[in-house]
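Reading through the structure tokens given below for one structure.
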Amino acid sequence: MDNNFKIKDLPKNERPQERLIRYGAEVLSNSELLAVILRTGTKNQNIMMLASSLIKETGGLDQLFNQSIEELTKIKGIGVTKAVQILALSELSKRFKTYKSGNEYKINTPLDVSNLVMEDMKYLKQEKLKILILNTKNIVTYIRDVFIGTLNSSIVHPREIFCEAIKKNGASIIICHNHPSGDPTPSKEDINITLRLKECGKLIGIDLLDHIIIGENKYVSMKEKGTI
């Protein structure tokens, strides 16, 4: 016997699917939308209660969508299947935010870079370095994580950075990394890495356009600061 509360067990006028069909998805709350995805609750909580408590317990959708599968499955009522559903939804959301017509994303300002990577990087618990490879029209053609861990100039080697750009026929690059503290203020090492990569780029003929440091919903551009 299945003891899990399903959406169909709710009164018809309270079922989020019925409300979505009748009134449109935009009228549903975050909890209702999540309930539509997860579908079933537990023997002690119906799906609406579970969805609401899940969002509250993790600190909101931003935090929910940055949980690992291990963190999600520690939450009461969330098994591997529901954790996988949440992670898939999170990834789709991130990809949609970075999608533009024709899959082309043109960089005109540091804000464009922030909009592209912020959702993926702002709540990371470790430092991660991304490289964005651009063509001659400043359209992003490739994005890759090249390093995870504490960044310093002895570890981040220009060869690893520019090798990707050369393989992908890049005209220029932008690097991005996050500060897990949430404060994007550049460290001395951040500045040293930036200057080193800028000089190497000049020699190779692939310009480092910017180094963006991501914090919690804020960023710093080395170009805007005048570092490069």
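Cβ coordinates come from backbone N, Cα and C, glycine included.
Here is what Swiss-Prot says about this protein:
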type	residues	note
BINDING	H177, H179, D190	Zn(2+) binding site
DOMAIN	106-228	domain 'MPN'
MOTIF	177-190	motif 'JAMM motif'
Fewest other C-beta atoms within 10 angstroms, as judged across H177, D190, which are the binding-site residues: D190
Confidence summary for the domain 'MPN' (106-228), mean pLDDT rounded: 91
Residues of the motif 'JAMM motif' (177-190) by DSSP state, where helix covers H, G and I: 3 helix, 2 strand, 9 coil
DSSP-derived helix, strand and coil totals, residue by residue, for the domain 'MPN' (106-228): 43 helix, 36 strand, 44 coil
